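Structure record follows, encoded as structure tokens.
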Amino acid sequence: MKDIFLCSICNVSSGGCAEDCAYCTQSAKYRVDIEKYKQKSLENILEEARRARASGALGFCLVTAGRSLDSAKTAYISEAARSIKEAGLELHLIACCGSATKEALAELKKNGVDSYNHNLETAKSFFPKICTTHSWEERYETCESALEVGLGLCTGGIFGLGEGWSERLEFLHALQTLSPHSVPVNFYIPNPSLPLEVEALAQEEALECVRLAREYLPSARLMIAGGREKVFGQAQKPLFEAGINAVVLGDYLTTKGNRPSEDIAMIRSFGFEIAEACH
């Protein structure tokens, strides 16, 4: 019986991003009806961290909108990380703040951040079809920098953007070269406000993506994230049988997730336990 690791997301800043990622509701290039705000207060962030830990999460990811981790974001995320660590919540802290220099990443690590999340999103060859304002190489270099300063690396991406199987294999091979500790797996859900004209993945195709990810990344924490509820509904057991061993608990960046208690009950009904320690 395997233990399922739970991670919660805190959307520290929302919307207004100048990048043109075709899958992203936070891009200012598209008219998407989402909640927009500059920055949550430290009190709100700490309260979300407490709720996440009480719900069973071991990971807590601090996410900011925008292309990169500038000096102001570095200082604020560092302050938030210190507050959470000082509260003794025993959470594995992840920061997700875009492209970053080694100096900024080292500062986060010094202040209590354990891992950095920066998704490759898709294959290098396919990336120009979904984003023109920055390069895939910039993403890969940030992942390398996170590893170089001693942070854990969390990097994955989105299936169902219009890519084919050859691009999926290329993407998974690129992830393999980074040996990430954690790999978020998302399924794109079509949104009429975004420019991508694709259909949602069928369940079997989505499952094959998970099986391949597990084959390429046998020791990674494979974390199912956005799109699982839309693609699978309550019939999610095959995801875990295909190799998923971690779940994003609660809400996502701009969309609602299931209630944490419902997801935990569902996971246990499949015969799995909830992880009680990071390892």
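Cβ coordinates are placed from backbone N, Cα and C, and glycine is handled just like the others.
What Swiss-Prot records for Cys17, Cys21, Cys24 is [4Fe-4S] cluster binding site, and it gives sequence analysis as the kind of evidence.
Look at Cys61 ([2Fe-2S] cluster binding site): DSSP puts it in a strand. Counting only same-chain residues at least 6 apart in sequence, those with a Cβ under 8 Å from the Cβ of Cys61 ([2Fe-2S] cluster binding site) are Cys7, Ser8, Ile9, Cys10, Leu93, Ile94, Ala95, Cys96, Asn117, Cys154. Positions annotated as [2Fe-2S] cluster binding site by Swiss-Prot, on the basis of sequence analysis: Cys61, Cys96, Cys154, Arg221.
Residues or ranges marked as domain 'Radical SAM core' by Swiss-Prot: 1-228.
For the pair Cys17 ([4Fe-4S] cluster binding site) and Arg221 ([2Fe-2S] cluster binding site), the C-alpha distance works out to 29 angstrom. Non-local neighbourhood of Cys24 ([4Fe-4S] cluster binding site): Cys17, Leu194, each in the same chain, at least six residues away, with C-beta under 8 Å from its C-beta. Across the domain 'Radical SAM core' (1-228), mean pLDDT in this model comes to 91. For the binding-site residues Cys96, Cys154, counting C-beta atoms within 10 A of each C-beta gives the highest total at Cys154. Taking the mean position of the Cβ atoms of Cys61, Cys96, Cys154, Arg221 as the [2Fe-2S] cluster site, the remaining same-chain residues with a Cβ inside 8 Å of that point are Cys7, Gly59, Ile94, Ser115, Tyr116, Asn117, Ser182, Pro184, Met223. You'll find the Cα of Cys21 ([4Fe-4S] cluster binding site) roughly 26 Å from the Cα of Arg221 ([2Fe-2S] cluster binding site).
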